[in-house]
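Copied over from Swiss-Prot, here are the features:
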SIGNAL    1-31  signal peptide
DISULFID  Cys36-Cys62  disulfide bond
DISULFID  Cys38-Cys78  disulfide bond
Amino acid sequence: MAPPTCRLLSAALVLLLLLATNHQATGAVVASELRCQCLNTLPRVDFETIQSLTVTPPGPHCTQTEVIATLKDGQEVCLNPQGPRLQIIIKKILKSGKSS
């Protein structure tokens, strides 16, 4: 092959590889699941305002345990899993679950 043809073929190959890589990278759902959801945590939240708690254990997406509280107004907030208030809230939830 002549050098200009070789360069053109190389450029076309690089362009195709970039397009293929870019197409796979557009999966925003996958990308958002591969990082920690809780970048900041609230120091405290009232037990009465919590509708539900979601605990996500450490994994390949995040090395930390994450606790996300859904409040009665629909807002989701991150809580410190080591916080003493959260430990009290978890005990209250477990206690209320046993009594029902």
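Cβ coordinates are placed from backbone N, Cα and C, and glycine is handled just like the others.
With every protein chain in view, the residue among the disulfide-bonded residues Cys36, Cys38 whose Cβ has the most Cβ partners within 10 Å turns out to be Cys38. Spatially close to Cys62 (disulfide bond) yet at least six residues away along the chain are Arg35, Cys36, Gln37, Thr56, judged by Cβ distances under 8 angstroms. When other Cβ atoms within 10 Å of the Cβ of Cys78 (disulfide bond) are tallied across all protein chains shown, the result is 17.
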